Amino acid sequence: MSPQTETKASVGFKAGVKDYKLTYYTPDYETKDTDILAAFRVTPQPGVPPEEAGAAVAAESSTGTWTTVWTDGLTSLDRYKGRCYHIEVVVGEENQYIAYVAYPLDLFEEGSVTNMFTSIVGNVFGFKALRALRLEDLRIPPSYSKTFQGPPHGIQVERDKLNKYGRPLLGCTIKPKLGLSAKNYGRAVYECLRGGLDFTKDDENVNSQPFMRWRDRFLFCAEAIYKAQAETGEIKGHYLNATAGTCEEMIKRAVFARELGVPIVMHDYLTGGFTANTSLAHYCRDNGLLLHIHRAMHAVIDRQKNHGMHFRVLAKALRMSGGDHIHAGTVVGKLEGEREMTLGFVDLLRDDYIEKDRSRGIFFTQDWVSMPGVIPVASGGIHVWHMPALTEIFGDDSVLQFGGGTLGHPWGNAPGAVANRVALEACVQARNEGRDLAREGNDIIREASKWSPELAAACEVWKEITFDFDPVDKPDIEAK
């Protein structure tokens, strides 16, 4: 009898409730190369042993329910059940444990992030035996990742499309994010692109509101792109947000963007949903559009240390679902992000093979095989004085996005773009000459500002602006 059809009917059925750990806690289990592995931060309720809590997570996110059922005998639970195979204490935290769970690959539909998350982070997060639960990391085996298309194009194809190499790309989110007419919005796009930026961007909540309908915005932004390209000789783009109330409307907007000949569209992948995002990513690959991803709503899921899901999991899911850019924090700006933890998931977005490194929050070695990489976008409260640190932290394969740091320039939008482009070129040149950006960054910016009045004005405006808050997202003590 094949494992798929093997049953346990001959064993007999015994009704009642039994501890999860009797079936789902298997410390002797040797994980398979095809298993999806998960690391959960578990906070059990008082009186619940960690082994029972870890087993409950494995059970409720795979084949288990609260009581034994007749139909258990109609399948092979040993083939399909999740297994909690290891538990470790979190040093420095009261009543917290890392529970490692292995899931057989047959539990998941091929090419569906939606189905994967419905199982792994579904009802189990409301389980009463747990005070809190957080998914820290996933190991996606190549046998599963190869069922996904992944990013529409990836880093190298994007650089070839833009004909831009050897430096980070520069962007700007148009502000105010809401309230501008389409024509005034397009004017701001033109001024920023003409000044030297590679991209401008719709904010995440710009969709199709009464003050600016999407079709009008697309038309004026396309006009701005073509005008700026003609004047600068560079390929330009604007992230046209195609996010909509239905998948059909979203694809309609992407089709219109393609007909206009613009290079890139945008999607809010968490509020829009993984099914919609994957559909849009497939359309973008088939039609030559780059896809920029915004992570609006992520902090609702990932901000708390003991409950929810770490952003590195959302980043892996996005790489599988599809996107060419994704916002990833700045380390130095106004948004949450500790350096090593941020670089941990940045590597998971960009690199082919990432080694386990608990000091950076990476619980498992991840092999993406041939899946294209995603460009991280640093955005949020950054300005010209941050340019050396951003260039040093994120490297060439990144987008550095200055919204207020462009549009807040005292001389206007185009001079703000000029200031950022001059600062970036100065940092890249200094790095290529062997200078230490971390140590000499301020001197590099000051030297460049002597030859650029636009940069000098920006330096004066933002010389004392800092965001000095202690990040929540830090590695555990034992992982250092």
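Using N, Cα and C of the backbone, Cβ positions are placed for all residues, glycine too.
With ASN123, THR173, LYS177, ARG295, HIS327 listed by Swiss-Prot as binding substrate, the candidate from SER76, SER359, SER370, SER379 annotated for that site turns out to be SER379.
Annotation: HIS327 are the recorded positions among ASN123, THR173, LYS175, HIS327 whose CA atoms are within 10 angstroms of the CA of HIS294 (active site, proton acceptor). Shown in sequence order, GLY171, CYS172, THR173, ILE174, HIS238, TYR239, MET266, HIS292, GLN401, GLY403 are the residues of the chain, 6+ apart in sequence, with a C-beta less than 8 angstroms from the C-beta of LYS201 (N6-carboxylysine). Largest CA to CA distance in the substrate binding set (ASN123, THR173, LYS177, ARG295, HIS327, SER379): 37 Å, whole number.
Within 10 Å of its Cβ, the residue among the binding-site residues ASN123, THR173, SER379 with the fewest other Cβ atoms is ASN123.
With a cut-off of 8 Å between CB atoms and residues at least 6 apart in sequence, the same chain places ASN241, THR243, ASP268, THR271, HIS294, ALA296 near GLU204 (Mg(2+) binding site), listed in sequence order. Once Cβ contacts within 10 Å are tallied over all protein chains shown, the recorded positions LYS14, LYS177, HIS294 are led by HIS294.
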